[in-house]
Amino acid sequence: MSTRALKATPTAWLIWAVVVFFFVNLAGVVGSVLVSSFGRRWFDTWVPDGFTTQWYGDAWHEFGLLQVISVTLIASGLVVVLSVLVGAPAAYVLARQDFPGKRLVYLTFLLPILMPPITYGIPLATVLYKFGFAGHLSGVVLANLVPSVPFVILTMTPFIEQVDPKIESAARMLGANTRAVFLRILAPLLVPGLLASAILVLVRTVGMFELTFLTAGPDSQTLVVALYYSMSAAGIRAQQSVDAMAVMYTAMMLVLLVVALRFVNPTQLVARVKEEPE
Amino acid sequence: MSQTASWQHRLAERGVDRRLWLLLPATVFVLLLFIYPFLYGLSLSFQPLKGGGALANYQKFFNDAYQRDTIATTLKIALPAALLNVLAAVPIAFRMRGRFRGKRLLTTVLVVPITLGTVLTAQGLLNYLGPTGWFNRILMAVHLIDDPIRLTNNYWGVFFSLIITGFPFAFLLVLSYLSGIDPTLERAAATLGASRAQRFRRITLPLLAPGLATTFLLTFVLAFSVFPSAVLVGNPAGSTRVISLAAYQAAYEQYDYAYASAIAMIMGVVELVVVAIVLLWRSRLYTGSTGGKG
């Protein structure tokens, strides 16, 4: 193992160079926003003239961020809970059972992920407006559930497939009823899968722009949507306060991410990792 | 009594039993929030606001070059971006499977761009790649260029934003598909004398291909519906006037929901054609166990 790591081929160097180049530029993208948000004035120089934290206060008050952030958290939390409750049982059936029309059902569940959000977002928003959901938190939650439920199904299915059905049969042999099989056998084994899909849905929902944008009203904007509005109305507000808001958004996402990575190994998103033995 | 029992038994043999009720919530949900709005939009698109026959909205779209060209514009951005993301992810993921020091840190850092989202990426790209941004400054400082190159408010701005948000996503998916392939298969091939290239081409690649197809589709969908970055770092009136922007403008600037639905339907059809081609290719590949039991 260690000998292979030491013997770096030209391709390996190339690959690492590409990775490093990507990260350097990524750091530039994130760093420039971060520096700008603390900058007093920044025109044609390497770094701003002076540093200040005033833009954070400005952004917080100007954009009403307390309300925006609480809306974001409530909406995403609701989406996560509902999508797992609806999606996980369906994933179980799809992973375990063959029945007539399974392919059709599966395709129907896949479609919302395979369609660009704007495509179904516009008809969906029209329908939600017709029934009076859009413009409120409920509309935002309902719209965001559309890609989230299939996403839970898609991420959960491989986790369920990896649980040996013989374990379930053994539990049933020993007299466990369906509820007990679910709660005492499947649920503990599926905790990694449940956490993985819940966290992915959370991250996706906080970052979901299109659907929220199409269905949110003035008091149900999430952070991304508020950020977009503040950016597209550039010129009215100081660039730096938009940057400050963007930094707050990133900070929130990073907190979510750090929490997420305590539970999920990023490489275990699709399948459990079988590490090479030592 | 015994007759119903045998009837139930026969259904159960074909896989229809009480467990199927678990599918009900998700099915109802998809029907109400996806299929119904979709059909509603479809029927709305055939009822043009200003009359002129059922297909008037579609004729309007295809007769107007400014609208029609949005299809080509979108594909020209989305296809190369998705392809590059997947193709770049394969060799990098291939090197990074297995154990090495700092792997966890590296994968963690790679997840960060996913969380940035398109809007923050757009803001960062405007700052970083703009005419007075660090990227141009560095290139000018080392005398590679004399005048700032224009990388934002055009095609490249949107393209870069798709790489930044799409590549880590593609990478993590490919890495997890790759990790799901049992390494003993490859070792067996090595024992039987297969070279590194042979092992990749004959063992790993066939097992990985369906996963690659899925990854391509997911990144393509992300890239195809590019909207905020096309407005913010692109040139929304010209070279990056993507189809989602046309649909949005019809709905929220002209308030013509029928026309907007028609554009959304066209968008869906174009996208599904690409998806169908990839899925058709994928269905000819090996699917099944990759030996990756945890």
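Glycine residues also receive a Cβ, built from the backbone N, Cα and C atoms like all the rest.
Marked as transmembrane segment by TrEMBL: A:12-35 (among others).
Marked as transmembrane segment by TrEMBL: A:65-92 (among others). Sequence-distant contacts of the transmembrane segment (A:65-92), counting only residues of its own chain at least 6 positions beyond either end whose CB sits under 8 Å from a CB of the stretch, comprise 59, 109, 137, 140-141, 144-145, 148-154, 156-157, 160, 186, 190, 194, 197-198, 201-202, 205-206, 212, 219-223, 226, 245, 248, 252.
Annotated domain 'ABC transmembrane type-1' per TrEMBL: A:69-260, in sequence order.
Annotation source TrEMBL lists transmembrane segment at A:104-129 (among others). Sequence-distant contacts of the transmembrane segment (A:104-129) (same chain, at least 6 residues past either end, Cβ-Cβ under 8 Å): 90, 94, 135, 139, 142-143, 146-147, 149-151, 153-154, 208, 210-211, 214-215.
The feature transmembrane segment is assigned by TrEMBL to A:141-160 (among others).
Away from its own ends, the transmembrane segment (A:181-203) comes close to residues 76-77, 79-80, 83-84, 87-88, 92, 148, 151-152, 155-156, 158-160, 163, 167-168, 171-172, 253, 256-257, 259-260, 263-264, 268-269, 272 of its chain (Cβ-Cβ under 8 Å, at least six residues beyond either end). Summarising the annotation, TrEMBL assigns transmembrane segment to A:181-203 (among others).
For the transmembrane segment (A:246-264), the list of distant contacts is 30, 33-34, 37, 56, 59, 65, 69, 72, 192, 195-196, 199, 202-203, 206-207, 223-224, 227: same-chain residues at least six beyond its ends, Cβ to Cβ under 8 Å. Look at TrEMBL and you will find A:246-264 (among others) tagged as transmembrane segment.
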